[in-house]
Amino acid sequence: WIMGHMVNEIYQIDEFVDLGANSIETDVRFDDNAMAEYTFHGVPCDCRRWCHKWEYINTFLEGLRRATTPGDSKYRSELILVVFDLKTSQLSSSNAYKGGKLFAEKLLRYYWNGGNNGGRAYIILSIPKIDHYAFISGFRDALKESKHEDLLAKVGYDFSGNDDLDSIRSALNKAGVKDKEHVWQSDGITNCIARNLNRVREAVQNRDSANGYINKVYYWTIEKYVSVRDALNAEVDGIMTNYPNVIVNVLNEDNFRNRFRMATFEDNPWEHFTR
């Protein structure tokens, strides 16, 4: 999965898919009442990126739905996965559950079209703080209460704060998520700073273990050719990047073209990939 980073305006969906992304990451900001309000990263953000692009969340979700609905004039068949980077630091731990419920209701209305021929992309809820695991509980409960529990088949989970893996596993379990139940594990840091792959390798080992909790591992945010090669050699499933074309180029190199390929819609993002 080539994951286009910081896609916060609708026009950027086409921009990143044109560069080779089959997945995007979008930043979600909340108001004081725990309601998702707009897509926005803000400063600081990655080097060589403009941090201030934004869209009202309802508008963005409608644009995203069109980009991922077969038959729509804006449809991009390549776009199969969306990571919502949920800026829950604005929420209190006690408000996280409410935030999750409200976000599920918003996705149901504006992205899934009330469960009637909505967008087809898989969704990952990416939360920076393990203390906010109740966001996941609220999200899941809202879909169950609205009789759309079937949509949870399209939803996965990630904690992005580079916490200890055992602590993340515990937080997921508290949220009602079983081991290897649609779990993506991220590791990374802004592209302005170098980071070693020690924790990535630990996560990959967990993913490949019979008693691990992880389905997929992704690394963020990189675009240097050497960093991309190192990440692929560490056997990650996804790479988040500002330059999807760099990942495409590396995948076409002799060392990688027979080991990796781009994921398609037929590839289940919740299944462990075995060579």
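Just so it is clear, glycine is given a Cβ too, placed from its N, Cα and C backbone atoms.
Annotation note: His5 (active site) sits in a coil segment as assigned by DSSP. The active site feature in Swiss-Prot is assigned to His5.
Around the Cβ of His41 (active site, nucleophile), a 10 Å sphere holds 22 further Cβ atoms from the protein chains shown. Positions annotated as active site, nucleophile by Swiss-Prot: His41.
All protein chains included, Asp85 (Mg(2+) binding site) registers 24 other Cβ atoms within 10 Å of its own Cβ. The Mg(2+) binding site annotation in Swiss-Prot covers Glu25, Asp27, Asp85, and the record cites similarity to another entry as its basis.
All protein chains included, Cys45 (disulfide bond) registers 21 other Cβ atoms within 10 Å of its own Cβ. For the recorded site, Cys45 (disulfide bond), the DSSP three-state label reads coil. Annotation comment: Swiss-Prot describes Cys45-Cys51 (among others) as disulfide bond.
Swiss-Prot lists Cys47-Cys192 (among others) with the feature disulfide bond, giving similarity to another entry as the kind of evidence. Sequence-distant neighbours of Cys192 (disulfide bond): residues of the same chain at least 6 apart with a C-beta under 8 Å from its C-beta are Asp46, Cys47.
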Inter-residue Cα distance where the pair is His5 (active site) and Glu25 (Mg(2+) binding site), in Å:
5
Inter-residue Cα distance where the pair is His41 (active site, nucleophile) and Cys51 (disulfide bond), in Å:
6
Using His41 (active site, nucleophile) as the reference point, find which of the recorded positions His5, Asp27, Asp85 has the shortest Cα-to-Cα distance to it.
Asp27
Largest tally of Cβ atoms lying within 10 Å of a Cβ, found at which of the binding-site residues Glu25, Asp27:
Glu25
Asp85 (Mg(2+) binding site) versus Cys45 (disulfide bond) - Cα distance in angstrom:
13
Enumerate the residues of the same chain, Glu25, Asp27, Asp85 excluded, that satisfy the criterion Cβ within 8 A of the mean position of the Cβ atoms of the recorded Mg(2+) site; list them in sequence order.
His5, Met6, Val7, Asn8, Thr26, Val28, His41, Val83, Phe84, Leu86, Ser126
